[in-house]
Amino acid sequence: MPETLPIDSVGLVTPQTLHFDQPLTLQCGKVLPEYDLVYETYGELNSTASNAILICHALSGHHHAAGYHSASEKKPGWWDSCIGPGKPIDTSRFFVVSLNNLGGCHGSTGPTSINPLTNTQYGPDFPVVTVKDWIISQARLADKLGITTWAAVIGGSLGGMQALQWSIDYPERIKNAVIIASTPKLTAQNIAFNEVARKAITSDPAFHDGRYFEHDTIPQKGLMLARMVGHITYLSDAAMGEKFGRDMRNKAFKFGYDVEFEVESYLNYQGERFSENFDANTYLLMTRALDYFDPAKEYDGLLENALKKALCKFMVISFSTDWRFSPERSEILVDELIKADKHVSYTEIDAPHGHDAFLIPTPRYMDVFSAFMNRVAKEI
Amino acid sequence: MRADLKIIEQWVKPESHVLDVGCGDGTLLQHLQENKQVKGYGLEISGTNITSCIDKGVNVLEQNVDVKGLSNFEDNRFDTVIMTQALQALRQPDIMLDEMLRLGKECIVTFPNFAYWRTRFYLLRKGRMPMSKALPYTWYNTPNIHLCTFKDFEALCVQKNIHILDRTVVDKEHQDRWFIHMWPNMLGEIAIYRVTR
C-alpha cells in the first residue's frame, strides 16, 4: 500500500465469507451440498438496494477487485483502475460486490476446499462448474445481501461472459450489463490455447491425476507453462515489442537454451509467480468453464433467441489489439443483440495492450465507461 | 436543435424504429427518443461522439460504414434510416443509398448542395475549390469526396427507381426560407430528402 492512500482508492478492505447450506445442483448433474463464497464490497448499499453493482472476475481472478487488504500489500485489487470514488465504477454512488467464483482457489469453495462428505480436499473430484452455475450462486449471494436487482453486472473476458449469462438467466434482476473484451463463445483457437495450458498442467509428473496434495507437491512447472502460454495471448505483439523488443540480458548470444532475451525472463517470472499462488485444478476448471460457455447452445445455437429474454441495456467494449477475444468477437454479440432488438451500445477502444487492455485505464476507455455508468447512476 | 433536424423530426413517426448512420453526438436520436419515443441505434466512428451519445442515453454502435457497410442489419429492420451530412463523404454513396433502403422503409438524407449559388460563384470568381460554412475544407483534406448537387441526387434517384416522398432545401443556418424553393438547385445550401423504394 502507498504511504498515503490516493483519494480515488476504496482504501482498506476486508474479504467476507458467506456459507450456503442450500445444495446447488450443477449443470454437470453433480450437487454441491454446501459451499462458501468469499466476497468484498465497496461503497454503501442505499436504502432501496438499487445501487448494487456486481463485478465478475476473469480466468485467474478473485474477489479482491479494489483497495488494499493491509498496509503491507504492495498492489491494490485487480481492477482498482476502474473501481473507486470518481472512477467509472464510482463507489461514492454504487455499492460494489466482487466475489471469488465457485471452483476458485481464493477462499470460495473449490478444489482446495475440504469436501464435507470425505473430510479431505476435493482436488480433482471437485465438479466442473460452468458460467451458468456461477450465475445461480451469485444470485443466491445477492439474495443474502438483500439485493433483488443489480443496477449493473460488469466483467471483462470471462467476467463479461457472466454478465451476458446474467442478462439471459435472470432478466428481471439486472438492469445493465457491461461486457468488456469478451465473446459470446470461444473459437477453436481459444479452446486450443486452453488445451495447451491444461496439457502443460496434466502432463507435469507432479500432477498425480490432480491428487498432488496427497503427494505433498504441486505441478508447479505445468502451471508455470500454462500461465506463460496464457500470458502471451493476453498481450499484443506491439505491447511485447514495446516492453521488451529483442533486448537481451547479455550483449552476446550464448548459443544455448537458457534465458537470454528479456521477454523470456519476463514470461518465466510471471509463470513462476503465478504457479506459487494458483491451484492447478482450479486452472483446469476455469479454462473448461471458458470452453463450455455458449449461451446459444440451449436455444438451437441461435444467440438471438437466447438474448430475446434479456431486458437490460448492454454496453459492449472491445480493444483494437485484443487477439484473444478480438473486436470481431464482440461485434458478433452486438449483431445478435441488434437482431434481438435490445438496447446496446458498442465501442472499440484503440489501445496497444492486447486483451489485458481491459485492466488498463486508457483515457477514452475511462471516458466511455464513465459515461455509461453515469447513465446507470441516473436511472437508479 | 438545428433547423434541418427539426425538419427531419417531422418526418419520423412516433414509436418507430430508427437507424441514424453517422449519428454524430447523438443530438437527433436523443431528441427523437424524448419527443417521438422512437427506438433506435446510431452508427458513429468518432470516439468523442460515441461518448457523447452514451452520455445522452443514445444507443450507439462504433461502425465504419464505409468499410463494413450495413450488412450486419437485416432487411426492413427499421422504419426510417437517416443519414445527415455524411453521404458525400462515403466511397460508394450510391451503394449506401441502396443499403439504407434495404434496411429501412424510408430514408432521410441530407447533403451540401454543390450547386448552391455561392459555391458556383466562388469557383467562377476565384477558380479554386469552393469553401464555405457547409464545406469548410480545402480540396486536399476534405472528407467530402463525392459532392453532388440537388439535380445530381434526383438523377440518381430516377436511375435507381427511388421514389422521392419529400424534399426541401435550407440555407447555411439550416433555416427553411420560402424563396429557396423557387430555385432550389441554385438557392439551397443543404438538401434534405425523404425517399423510399
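The backbone N, Cα and C atoms fix where each Cβ goes, and this holds for glycine too.
Any TrEMBL annotation is an automated prediction that lacks curation.
Quick look at what TrEMBL lists:
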{"type": "ACT_SITE", "residues": "A:Ser157", "note": "active site, nucleophile"}
{"type": "ACT_SITE", "residues": "A:Asp322", "note": "active site"}
{"type": "ACT_SITE", "residues": "A:His355", "note": "active site"}
{"type": "BINDING", "residues": "A:Arg227, A:Asp356", "note": "substrate binding site"}
{"type": "DOMAIN", "residues": "A:52-359", "note": "domain 'AB hydrolase-1'"}
{"type": "SITE", "residues": "A:Arg324", "note": "site 'Important for acyl-CoA specificity'"}
Measuring Cα to Cα, how far is A:Arg324 (site 'Important for acyl-CoA specificity') from A:His355 (active site) in Å? 6
Taking each of A:Ser157, A:Asp322, A:Arg324 in turn, which of these recorded positions have a Cβ less than 8 Å away from a Cβ in chain B? none
Could you give the Cα-Cα distance between A:His355 (active site) and A:Asp322 (active site), in whole Å? 4
I'd like the Cβ neighbour count for A:Arg227 (substrate binding site), meaning other Cβ atoms within 10 Å of its Cβ, all protein chains included. 24
Summarise the model confidence on the domain 'AB hydrolase-1' (A:52-359) as a single mean pLDDT, whole number. 96
Using a 10 Å cut-off, grab the number of neighbouring Cβ atoms around the Cβ of A:Asp322 (active site), all chains included. 29
Roughly how many angstrom lie between the C-alpha atoms of A:Arg227 (substrate binding site) and A:Asp322 (active site)? 17
Using Cβ atoms only, which residues of the same chain lie under 8 Å from A:Asp356 (substrate binding site) while being at least 6 residues apart in sequence? A:Tyr234, A:Leu235, A:Ala239
Quick one: give me the count of other CB atoms within 10 A of the CB of A:Ser157 (active site, nucleophile). 26
Between A:Asp322 (active site) and A:Ser157 (active site, nucleophile), how many Å separate their Cα atoms? 11
